[in-house]
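Below: one structure, written as structure tokens.
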Amino acid sequence: MLHPRARTMLLLSLPAVAIGIASSLILIVVMKIASVLQNLLWQRLPGTLGIAQDSPFWIIAILTLTGIAVGLVIRFSQGHAGPDPACEPLIGAPVPPSALLGLIVALILGLAGGVSLGPEHPIMTVNIALAVAIGARLLPRVNRMEWTILASAGTIGALFGTPVAAALIFSQTLNGSSEVPLWDRLFAPLMAAAAGALTTGLFFHPHFSLPIAHYGKMEMTDILSGAIVAAIAIAAGMVAVWCLPRLHAMMHQMKNPVLVLGIGGFILGILGVMGGPVSLFKGLDEMQQMVANQAFSTSDYFLLAVIKLAALVVAAASGFRGGRIFPAVFVGVALGLMLHEHVPAVPAAITVSCAILGIVLVVTRDGWLSLFMAAVVVPNTTLLPLLCIVMLPAWLLLAGKPMMMVNRPKQQPPHDNV
């Protein structure tokens, strides 16, 4: 016979697995549709018209039209395509299900159109809303917070292809009764995360790791180098933190989302022309291309880091539906490669991983997630102790500093962004 504790944990196991699978399937369908549309917009259509896909005209035109299209969706869809991600944390309160269709359409358009945002925030919003709405009907005794936790865990597992990130994140957020062991509280979320990760793995494998030279042995000087790199990344990120609310307020004085996003798309197009195709989209595939291109110089990496960070701020300030983690990782990779080219004595494994740690820490203010992203992009067990040590001064630098979020106007309800 199972202990009552075990029976309690098993109660939510089946819903957790179902939510994890559903979270992954929603992500897969959205990404597949976005991929097909992206291929149409950036490969087939310019080829048919006899236009180079990397021509300045095409980049500016597609991003401007993408902004107008997303603005129309936000303006006229029911629920106005959900909350503005610039005003929301990664895991937020459930939104009305009526807003989800517009949110999904806005996300797909942004992903396909080359906007420098990832899918994580809108997908998280969709999955939480569906889990809460359906779960409340099927199991009304389970509170909304439980469904929110399961959906967010399943989504994190699906996004990163592993339940490890969910385990790290929720180990610091599940502050339930001290009488209940932590792993009892983690059981159902980890079931959801594992189901999400395994389902994603059946269709595709998220590829984060970069072909960077192996780091052999940690030296004391490497800790100092890593801390300096992380501090540089944090300084760059804090510039974006300062710019985001000010640019958001300035752009949203126009009130009309079609105009705001159209202008935002045009600015993104100009940035895309400056940075080239590698500076577009969410950044994961593009950072692989950046590392593979041996022709990039120190100034090229610096330019890509600045342009991608600027594009991230513009896209978020304009109200595009998307997340900030994936493009921030791209910025970290570009910044790390630039610093390695500038000071070759510091291994690229250190500069890239510590730059990712610093910039993701600014964006998420989550130490575990920052460590995870740095470790999966530069997978080297020798780096783990160094990253844990470098995290300490990085965390001190950010203590009490503003987050990369916009304070929502008091008169604006969470699901209305017109």
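Cβ atoms are placed via backbone N, Cα and C, with glycine included.
Because the structure is a prediction, the values reported are computed rather than measured.
Copied from Swiss-Prot, the annotated features are:
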- 10-30: transmembrane segment (TRANSMEM)
- 54-74: transmembrane segment (TRANSMEM)
- 99-119: transmembrane segment (TRANSMEM)
- 120-140: transmembrane segment (TRANSMEM)
- 149-169: transmembrane segment (TRANSMEM)
- 186-206: transmembrane segment (TRANSMEM)
- 223-243: transmembrane segment (TRANSMEM)
- 258-278: transmembrane segment (TRANSMEM)
- 300-320: transmembrane segment (TRANSMEM)
- 322-342: transmembrane segment (TRANSMEM)
- 343-363: transmembrane segment (TRANSMEM)
- 371-391: transmembrane segment (TRANSMEM)
**Asked** Same-chain Cβ contacts of the transmembrane segment (99-119) under 8 Å, 6 or more residues past its ends?
**Response** 27, 30-31, 33-35, 37-38, 40-42, 59, 62-63, 65-67, 69-70, 73-74, 77-82, 85, 125-126, 129-130, 159, 265, 268, 272, 279-284, 308, 311-312, 314-316, 320-327, 415
**Asked** Would the transmembrane segment (223-243) and the transmembrane segment (343-363) count as touching if the test is at least 3 Cβ pairs under 8 Å, pairs 6 or more apart?
**Response** yes
**Fill in**
Given 10-30, 54-74, 120-140, 149-169, 258-278, the one sharing the most C-beta pairs under 8 Å with the transmembrane segment (322-342) is 120-140
**Item:** Proximity verdict for the transmembrane segment (54-74) and the transmembrane segment (300-320), three or more C-beta pairs under 8 Å
**Value:** yes
**Item:** Residues of the parent chain within Cβ reach of the transmembrane segment (120-140), under 8 Å, 6 or more residues beyond its termini
**Value:** 15, 19, 22-23, 26-27, 30, 82-83, 85, 88, 90-92, 94-97, 99-100, 103-104, 106-107, 146-148, 150-152, 154-155, 158-159, 321-326
**Fill in**
Given 186-206, 258-278, 371-391, the one sharing the most C-beta pairs under 8 Å with the transmembrane segment (10-30) is 186-206
**Item:** Outside the transmembrane segment (371-391), six or more residues from its ends: residues with CB under 8 Å to it
**Value:** 160, 162, 164-165, 168, 208-210, 212, 214-218, 222-223, 226-227, 230, 325, 329, 332-333, 349-350, 352-354, 356-357, 360-361
